[in-house]
Amino acid sequence: MKILHLIASPRGEQSRTLAITREFIVALQARHQEVAVTELNLFEVELPPVHGDAVAAKYALISGQELNEKKRDSWRRIAELANDFMAFDAYVISAPMWNFTIPYVLKHYIDVIMQAGILFQFTERGPIGLAQHKRMVCICSRGSDYGPASPLNSLDYQATYLRAIFGFAGIQDISFINAQPLDLNPDLTREKLELSKAEARHLATSWGELIGNMS
């Protein structure tokens, strides 16, 4: 199994989100050494802009037109990133909550890869996702509690958006580990981090069983 790990935290070794993700990946690879994980740090990679000739190329392709050299050059990196995404069997997203949703680099990446003909296609019955039979886990950290029983639950646009956009691409098997609340007091932070790490290890066991059944 090939896994793409999308890193949307700028804090490196200080990241609480990545500390939870490491527990998941280490536990999964301990059970299945054949699992290969490729990291893509979205704060370090240069993502192409989606404007000008790139947008013109996008709509030209949707309408079945040929691309001129200028449009091809603008489209090449976008298509490369989208096709690279599709080459993986599963995905791990490490993303803290920023302003009730995802960090801007992750949104930029999604806007780059979510292209017709690669992640989804238009049909007479409407769009269909092309990333079916893949799975994803989103590991998120939040300063406050946005769980179902919280008065802040309606502000959780992070999980709602990630489930919707990748579901649109065909990924229906999406799990979430939401470490929350992490900014109220140190003792509670430690408790919630340990609970989330345990949840990550448990999820790795479930993924490992599925991998075993596939082999």
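Backbone N, Cα and C define each Cβ position, glycine as well.
Listed features, source TrEMBL:
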type: BINDING; residues: Ser9, Met97, Trp98, Asn99, Phe100; note: FMN binding site
type: DOMAIN; residues: 1-200; note: domain 'Flavodoxin-like fold'
Q: Give the sequence-ordered list of residues that share a chain with Trp98 (FMN binding site), lie 6 or more positions from it, and have CB atoms under 8 Å from its CB.
A: Tyr104
Q | Diameter of the FMN binding set by C-alpha atoms, the set being Ser9, Met97, Trp98, Asn99, Phe100, in angstrom | A | 15
Q: With an 8 Å cut-off on Cβ-Cβ distance and a minimum sequence separation of at least 6, pull the same-chain contacts of Phe100 (FMN binding site), or say none.
A: Tyr146, Leu155, Asp156, Tyr157, Gln158
Q) Of all the binding-site residues given, Ser9, Asn99, which residue's CB has the most CB neighbours within 10 A? A) Ser9
Q: Under 8 Å Cβ to Cβ from Met97 (FMN binding site), same chain, six or more residues apart: give me those in sequence order, or none if nothing qualifies.
A: Cys140, Ser141, Arg142, Gly143, Tyr146, Asp156, Gln158
Q.
If you average per-residue pLDDT over the domain 'Flavodoxin-like fold' (1-200), what number do you get?
A. 95
Q | Three-state secondary structure, Met97 (FMN binding site) (per DSSP) | A | coil
